[in-house]
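Worksheet: the structure to be examined is printed underneath.
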Amino acid sequence: MKANIPNGQTDRLLKITSLITLTLQNAILGLSMRYARTREGPMFIASTAVMMSEILKLITSLGIVYLEHRNFRAWCEDIYNRVIVNAMDTFKMLVPALVYVVQNNLLYISASHLDAATYQVTYQLKILTTALFSVVILKRKLLSTQWAALLLLVVGVAMAQLSDSSETHKHSNTKSHSQNKLIGFTSVFVACVLSGFAAVFVEMILKSSNNSIWMTNVQLSLLSLPFGLMTCFISDWNEIEHLGWFYGYDFYVAYLILLQAAGGMIICLIIKYADNILKGFATSLAIVISGLASVFLFNLKITILLTTGAILVISSIFLYSKPATEDKKPLQYKNIEDV
């Protein structure tokens, strides 16, 4: 006879698992992207990596939708009806599909110019942009504590950017371009604006759609492919033509593509169990892990400004999340890329 596990214990276990998974994914992705853009050897073309990640996400999402049906014919009919017959519903995803492709390419640029700790701290500006777009587009009202948290977030990010933290690489890529903190900050800031807009846009669509999160992933990935190809040929065609699509690829690049694709999948899995506090805690831990790991992996010189900025950002995350738990409201958005 199988032992019955109380629902409370099961939910608690799932929350803990979600916390660990989300924390590791947040921290490891930032560190891995940074290492990939600074290591020795031929540099892979970032736009092709983004494209491969989208293909992998599409295949995975299609596989999960199939598992929901466990019948090939029913699977094909469901995809045909929701993607082709319901074409207008699919085309609504054009905007976020384009936005996510551009955003992911920008994150590779920022990883080339910012150390992992500064990148993690700065990328939390997506909380600010998501909140502002929620107010403007969804007419959502924020509490005074949330506005205070957003102000604290901006101050923290500003301090992190003004810090003179630096890395000393014993084995850096000699072919890589010189780092420019302004380019890095601009890239991650634009990525945050795009992330905030896409988060609110997808939430608005999901409220009027009966698609599962996995079917939404299928629609997003399908529409992301042509935009990903356009990005490859517009920005990197000369390199792709002369060096080849898979130039610089090795097991590490394959791992990075897998990790990036897994991010969206992980978020889908934890949406049901992760509240704002849990996600805030995971993000905060990721910032700490990235900072500590950067000291050992990249010889990062941590400054008082960077440390203070990180503390302010972590505090703002908890302060912003607090009202939602007090009101005991359900999760307000279901965006698969926002965390």
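Indices start at 1 and increase along the chain as displayed.
Cβ atoms here come from the backbone N, Cα and C positions, even for glycine.
Listed in TrEMBL for this protein:
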- 12-31: transmembrane segment (TRANSMEM)
- 43-67: transmembrane segment (TRANSMEM)
- 79-101: transmembrane segment (TRANSMEM)
- 121-138: transmembrane segment (TRANSMEM)
- 145-162: transmembrane segment (TRANSMEM)
- 182-206: transmembrane segment (TRANSMEM)
- 218-237: transmembrane segment (TRANSMEM)
- 249-271: transmembrane segment (TRANSMEM)
- 278-298: transmembrane segment (TRANSMEM)
- 304-321: transmembrane segment (TRANSMEM)
Annotated stretches the transmembrane segment (304-321) and the transmembrane segment (145-162) touching (3 or more Cβ pairs under 8 Å): yes
Interface check, the transmembrane segment (43-67) with the transmembrane segment (145-162), three or more C-beta pairs under 8 A: no
Stretch with greatest number of CB pairs under 8 Å, the transmembrane segment (79-101) reference, 121-138, 182-206, 218-237, 278-298 candidates: 218-237
Quick one: do the transmembrane segment (121-138) and the transmembrane segment (182-206) reach 3+ CB pairs under 8 Å, ignoring pairs fewer than 6 apart in sequence? yes
